[in-house]
Amino acid sequence: MTLKLRHQHWPVIMAASIKLFARRELRNLGKKNYIGSSHRRNPLFCRCLSHEAGDRNTHFGFETVPEEEKAKKVYQVFENVAQKYDVMNDTMSLGIHRLWKDFLLHVMHPQPGARLLDVAGGTGDIAFRFLEYIKSQEERLRRREARAMQTPSWQDISTNYSNEQGAEPLESKAVVCDINKEMLTVGKQKADSMGMTSGLSWVAGDAEELPFDDDQFDIYTIAFGIRNVTRIEQALQEALRVLKPGGRFMCLEFSKVSNPILSRLYDTYSFQVIPVLGEVIAGDWKSYQYLVESIRKFPDQEEFKAMIEDAGFYCVRYYNVTGGIVALHSGFKL
C-alpha cells in the first residue's frame with residue numbers, strides 16, 4: 001500500500017519524530033544509572049510532545065478507532081464479561097493469575113495503617129489480598145508483643161506505656177475504583193460472601209480523571225487494567241496526583257515474552273485457545289479476542305518503564321514474571 005502524504009501532514013510527522021528521538025535519548029541517559037534507579041524526566045516536556053503529535057486515534061485491539069470510542073468499547077467488553085470474569089481468569093491462566101497477584105502483594109509488603117487505591121480493581125482481587133495481608137501483619141505484631149510481655153525489658157515497658165498514651169493506630173483502608181459498574185457489582189457481591197466489608201469501599205471512577213483529592217493514598221495499584229485505558233500518560237499523571245509523597249505506584253500487566261520458544265507457544269495459546277474459551281464459558285468470542293490483541297499493543301517492559309518515569313515517578317523498576325508474560329512495574333512519588 002502506498003501512502004500519500006500531504007504537505008499539511010508534515011508538521012505532525014516531524015513532531016512525532018522529535019518525540020521518538022527525545023524519548024530514546026532520555027532512555028539512554030537513564031540506562032547509565034544503577035539498576036533499580038531512574039533519572040527523572042520532565043513530564044511537562046513529554047506531555048507537550050504528545051500534544052504536538054495531535055493523534056486523535058488509538059487502538060482497540062488491532063483495530064484503529066477514535067479516542068472517544070475506545071472507552072465505550074472497553075466498557076462494553078467488561079460489561080459483557082463481568083459475571084464470568086473471575087471464572088475466565090482462572091481458566092485462561094490455569095489459575096496462575098492468583099500467583100501473580102500474590103507476588104504483587106509480596107513485593108508491596110504493606111504495613112498496618114496503609115491506604116490503598118486499586119484502580120480498575122473490578123472484582124476486588126487485589127483489595128481482598130491487601131486487607132488479608134494487613135490482617136496477617138497485625139496478627140504477627142500481636143504475637144510478637146505477647147511474647148515480649150512474657151519477659152519484658154525496660155524498653156518493652158517504656159514502648160507499651162507510650163503506645164497506651166498515644167493515639168489509636170490508623171485503620172488500613174482499600175478503595176476499589178473501576179469505571180465499570182457491572183464489575184463493581186460483582187466485586188461487592190464477592191466481598192459480602194467473604195464477609196469482607198470493614199475497611200473496604202467501592203467507587204465508580206475513570207483512571208484518567210480520578211474522583212479523589214491530591215495526596216490521599218500510600219499505594220496505587222492497577223492490575224491488568226492499564227492497557228485498556230485510552231490515554232495511559234494521563235492515567236499515570238492521575239496516579240501521581242492522588243499518591244502521598246513517598247507513595248508507591250504498582251502496575252501488574254501483561255508484557256513481552258523474551259524467550260522465542262515460549263513466545264510462540266504463548267501466541268498460539270492466546271489467539272487459538274483463549275477466544276474459544278471465551279465463547280464456551282462466557283458466550284463472548286469478540287471480547288476475549290480484543291483482550292488478546294490489547295496485550296500485543298501494550299508497550300514492552302522498557303517502554304512502559306520510560307512512560308512511568310515521564311509521568312514523574314522515581315526509582316522505577318520492573319520484575320518479569322513467568323518469562324515476561326507478566327511484568328510488575330513499581331515507582332515512587334517523592
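Placement of Cβ uses the backbone N, Cα and C atoms for every residue, glycine included.
Remember, TrEMBL labels are computer predictions, not curated facts.
Feature annotation from TrEMBL assigns S-adenosyl-L-methionine binding site to Thr123, Asp178, Asp206, Ala207.
Feature map: TrEMBL annotations on the structure.
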{"residue": "Thr123", "record": "S-adenosyl-L-methionine binding site", "Cβ within 10 Å": "22"}
{"residue": "Asp178", "record": "S-adenosyl-L-methionine binding site", "Cβ within 10 Å": "24"}
{"residue": "Asp206", "record": "S-adenosyl-L-methionine binding site", "Cβ within 10 Å": "18"}
{"residue": "Ala207", "record": "S-adenosyl-L-methionine binding site", "Cβ within 10 Å": "23"}
